[in-house]
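Look at TrEMBL and you will find 40-60, 81-108, 120-138, 145-168, 188-210, 222-245, 319-340 tagged as transmembrane segment.
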Amino acid sequence: MYFYFFFFKQKTAFGTIIGSGIFFKQGSVLDSAGNSTMAILAWVVGGILTLTAGLTIAEIGAQMPYTGGLYVYIEDLYGRLWGFLAGWMQVIVYGPAIIASVAGFMSILMTNFFGLGANWRIPLALVTILAIGLMNMFENRVGAAFSVITTIGKLVPIAAIIIFGLFWGHHNALGQTVGEIHAASGNFGVAVLATLFGYDGWILIANLGGEIKHPQKILPQAIIIGITAVLVIYTLITVAVLRFLPASQIHTLGENTTAYLATAAFGPIGGKLLSAGIIISMMGTINGKMLTFPRIVYAMAKRRDLPFSRYLSYLTPKAKAPVVATVFIIVLATVMMIFFNP
């Protein structure tokens, strides 16, 4: 049972962290860093900064193993007002907005992948939000199984790119200077900030603290091992890209760098497979957020910090799933998708 919960948390960690950022940020990070060596270092520093934050949350989470994560921590440490503001921001704005934005961008890739018209974008996004939301109303094992599938789906194209770039690339990843990418000057701080987008989402694992057996052991391990593994993956894929493509070409390609690499390495089918991998990756991201954000709604409702708290705090008798809170997040994400079109 210990292994099951630890394995589930690792899949949740990968699902919430690895999204589309690593596929599209190579060009912008390189441009900001100024040279290839500093670009690689930016991904490493971004991962280390994320890991230091993870160590902090792991320590707090071990002492406060409650459902709700950051909202509960802030309220218990700094008072109800600050906790309420943090929780309200996450459940009303950030959570639904990030789910809608990821679903919206994913739907663009889906229409391109299947050759559909732009008018299919919003319907596809809404169906994805609804389907993944409904799936998370069942037992945690259902969401865990989907996390396993999406994690494998996203790691396969990443592994292919890493292996091909490292072993078949012929450029020196550390030897490409600012002059080669025609950048006037590097801004390492901006490059690190750009990488943090790729690491975003790790803290949501703490929202499940109250549902984990032995949280004092599993939660810190899941956070620390999860972030460390992602740091290694991001560094390797960056080195692989720089081994296969010169910095000047990455600068020109920008967000299309990884897609170009996949197509060049594996032919036209490679670009299709990469698109499929990104779509699966983003489904995993939505799944991770749809699993974790309702826990904040539930925690706030338990503390009477939301209207209709009696209903929002309802748990199913058998699975102990916050179904009403999940519906709440689905509705808000749907509204943002339709009216704000993120």
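From the backbone N, Cα and C atoms, a Cβ is placed for every residue, glycine too.
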Mind pulling out the one from 188-210, 222-245, 319-340 with the most Cβ pairs under 8 angstroms to the transmembrane segment (120-138)?
-> 319-340
Note: vs the transmembrane segment (319-340), the recorded stretch with the largest number of Cβ pairs under 8 Å from 81-108, 145-168, 188-210, 222-245 is 81-108
Using a Cβ distance cut-off of under 8 Å, indicate which of 81-108, 145-168, 188-210 has the most pairs with the transmembrane segment (222-245).
-> 145-168
Could you pull out which residues elsewhere in the chain have a CB under 8 Å from any CB of the transmembrane segment (188-210), counting only those six or more residues past its ends?
-> 9, 12-13, 16-17, 19, 21-22, 25, 28-30, 32-34, 38-39, 41-43, 45-47, 49-50, 53-54, 57, 61, 64-70, 73, 219, 222-223, 226-227, 230-231, 234, 285, 288-289, 291-293, 295-296, 299
